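Q: Dropping a structure here in structure tokens format, bear with me for questions.
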């Protein structure tokens, strides 16, 4: 697997972020759809009652959308003439939450037809989904427009796989104008939700061809994971990303890393990579949920401003699965 490693001057990345940020506004829909937040919250609250993973599903879609061509709703497009869907890329196969986006879009179209973008739905629903399970709130800037195309190959190069090292993840974040604090803070979204066995079973029996499990897995945690994902399983069984409080948004994820109980390799790498500058950040978040929440909120705002389409660029889809 090859990864995109563009060398981009820092000032250029900063200029992109500032320009994008300047075109978005928390009051973008104040006159055209003043109840947008309440409508999205209503659907998320209803969905959360029957699906505790609703918030985790949505925030994953938002992250995967923003890291490929920017926060433009391209991930939501189905295959069509001239469009090869990002949904079929390995990192997105089996992802949930698309039905939730469709429900939100339907509710908004009933009240404010042709006004609210699918990209903005992902941003707004992510904040609401986190807050509903005890996480922080932040001011969601709005005004994104939806793409007219998708970029499946970009998923393979730009979305961190679950089985890569920290050295691979770093450029994937810095290429988007994100720093190491953003990487550690946004990884904290794994404080809720689930992951399929196929995303971490390579750690359990034959890590990196060693014939042994990943040595950074806690010896008492390992048998639990091996029981959930025995050798020869089909890879589709789910395991909690946070073994302690799997359905709450809190800082237990980082305490788990200190205890060598991170589920994915990319999780545990943040604490177990010798000499890494991520270790101090993990320790900070483990000892202060307030610090984690503050940094997570800031990083989510930065994430939501990557490569946005505004003005007359793109469109406002009436159906998030297809262009108008």
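Positions of Cβ are set from backbone N, Cα and C atoms, glycine also.
Sharing the features that TrEMBL gives for it:
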SIGNAL    1-22  signal peptide
DOMAIN    23-324  domain 'Plant heme peroxidase family profile'
DISULFID  33-112  disulfide bond
SITE      60  site 'Transition state stabilizer'
ACT_SITE  64  active site, proton acceptor
BINDING   65, 68, 70, 72, 74, 86  Ca(2+) 1 binding site
DISULFID  66-71  disulfide bond
DISULFID  118-320  disulfide bond
BINDING   160  substrate binding site
BINDING   190  heme b binding site
BINDING   191, 242, 245, 250  Ca(2+) 2 binding site
DISULFID  197-229  disulfide bond
Q: Within the same chain, and leaving aside 65, 68, 70, 72, 74, 86, name every residue whose CB is within 8 angstroms of the centroid of the CB atoms belonging to the recorded Ca(2+) 1 site, in sequence order.
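A: Neighbours within 8 Å of the Cβ centroid, excluding 65, 68, 70, 72, 74, 86: 64, 66, 67, 69, 71, 73, 75, 147, 150, 151, 154.
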Q: Report, in whole Å, the straight Cα-to-Cα distance of the residue listed as 'substrate binding site' from residue 320 (disulfide bond).
A: 24
Q: Rank the binding-site residues 65, 86, 242, 250 by how many other Cβ atoms lie within 10 Å of each Cβ and give me the one with the fewest.
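A: Looking at the binding-site residues 65, 86, 242, 250, the Cβ with the fewest others within 10 Å is that of 250.
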Q: Including all protein chains displayed, how many Cβ atoms other than that of residue 229 (disulfide bond) lie within 10 Å of its Cβ?
A: 24
Q: What subset of the recorded positions 64, 118, 197 lies within 10 angstroms of residue 70 (Ca(2+) 1 binding site), using C-alpha positions?
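A: If one measures from the Cα of residue 70 (Ca(2+) 1 binding site), the recorded positions that come within 10 Å are 64.
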Q: What other residues of the same chain, not counting 191, 242, 245, 250, have a CB atom within 8 A of the CB centroid of the Ca(2+) 2 site?
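A: The surrounding set, listed in chain order, is 192, 244, 246, 248, 249, 251, 252, 253.
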Q: With residue 191 (Ca(2+) 2 binding site) as the reference Cα, tell me which of the recorded positions 60, 68, 71, 118, 160 is the closest one.
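A: Looking at Cα distances from residue 191 (Ca(2+) 2 binding site), the smallest one goes to 60.
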Q: Any idea which of the recorded positions 68, 118, 320 has the thinnest Cβ neighbourhood at 10 Å?
A: 320
Q: Among the binding-site residues listed here (72, 74, 190, 242), which has the Cα closest to the Cα of residue 60 (site 'Transition state stabilizer')?
A: 190
Q: Quick one: pull the CA-CA distance for residue 160 (substrate binding site) versus residue 190 (heme b binding site), whole Å only.
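A: With the alpha carbons as reference points, the distance is 14 Å.
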Q: Which one is it: of the recorded positions 86, 118, 245, whose Cα lies the shortest distance from the Cα of residue 197 (disulfide bond)?
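A: With Cα distances computed to residue 197 (disulfide bond), the winner among 86, 118, 245 is 245.
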Q: Once near-sequence residues are set aside, which residues in the chain of residue 112 (disulfide bond), 6 or more away, have Cβ atoms under 8 Å from its Cβ?
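A: Set apart from residue 112 (disulfide bond) by at least 6 residues yet with Cβ under 8 Å, we have 29, 32, 33, 35, 36.
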